[in-house]
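*Asks:* Structure below; questions to follow.
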Amino acid sequence: MSNWTDSSGAQMNSPYVGHAGLSVPAPSSRYILPQFEERTSYGMKRSDPYNKLFEDRIIFLGVQVDDASADDIIAQLIVLESQDPDRDILMYINSPGGSFTALTAIYDTMQYIRPDVQTFVVGQAASAAAVLLGAGAAGKRYALPNARILIHQPAMEGTGGTASDLEVTANEIFRMREWLEETLAFHTGATAEQIRKDIERDKILTSAQAKEYGLIDQVLTSRKASGQV
């Protein structure tokens with residue numbers, strides 16, 4: 001299974017393991033989102049914040065990047081394209097990263113659909129999530145001031161087996177890394193050689209540093225100052 005891990009070996013697909021290898025206790029229950037009723041032309045409708053975001057063409061990636069979250073995001077992207085192929089889609093990101101194949105599934109869909117996908121990082125965009133941040137439409141990639149962005153090389157778990165098995169795994173890791181280097185180079189304007197050097201170890205960027213690096217286009221402080229809707 002192709003999961004990204006940090007240099008300490010912590011699994012990137014675990015939502016409760018930090019990039020420094022620090023374990024965070026799993027919450028006993030998720031914060032309960034408020035629900036409310038709205039009057040529509042069809043009568044009263046019960047809704048919640050995520051439904052309201054979707055109605056405004058906003059997708060929120062607030063979990064690890066895995067097959068389940070990728071399927072949800074891809075479905076939303078395709079539906080929003082069908083509703084209005086010429087209107088931008090907004091993707092807010094606060095994610096520790098995760099699966100390589102889930103990343104590429106979301107990435108390919110973002111590039112495939114007609115609408116531009118604006119990306120916003122709040123909190124963090126690490127590993128696979130950082131690639132999605134940088135993959136937003138040119139000129140439409142944003143970060144809030146205290147966001148944290150992390151890029152690093154991919155890794156695989158479960159690398160035991162025969163010499164032939166290890167060779168297959170090594171070749172796949174090299175393929176994943178080459179894709180990552182070329183993709184980040186394309187979206188940042190850096191060379192693949194520079195990306196290769198930078199991801200040897202975890203590279204942590206502030207919002208301002210991410211802008212200088214080319215992963216985002218603008219650091220936003222408020223809607224009033226930026227003119228964002």
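Just so you know, glycine gets a Cβ as well, placed from its N, Cα and C.
In case it helps, TrEMBL gives these features for our protein:
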ACT_SITE  SER127  active site
ACT_SITE  SER127  active site, nucleophile
ACT_SITE  HIS152  active site
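What does the local environment look like for each feature on the list?
*Replies:* Around SER127 (active site), a 10 Å sphere centred on its CB holds 33 further CB atoms from the protein chains shown.
When secondary structure is read from DSSP and collapsed to three states, HIS152 (active site) falls in the coil class.
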*Asks:* For SER127 (active site), which DSSP three-state class applies?
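*Replies:* DSSP assigns SER127 (active site) to coil.
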*Asks:* Measuring Cα to Cα, how many Å separate HIS152 (active site) from SER127 (active site)?
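*Replies:* Approximately 6 Å lies between the Cα of HIS152 (active site) and that of SER127 (active site).
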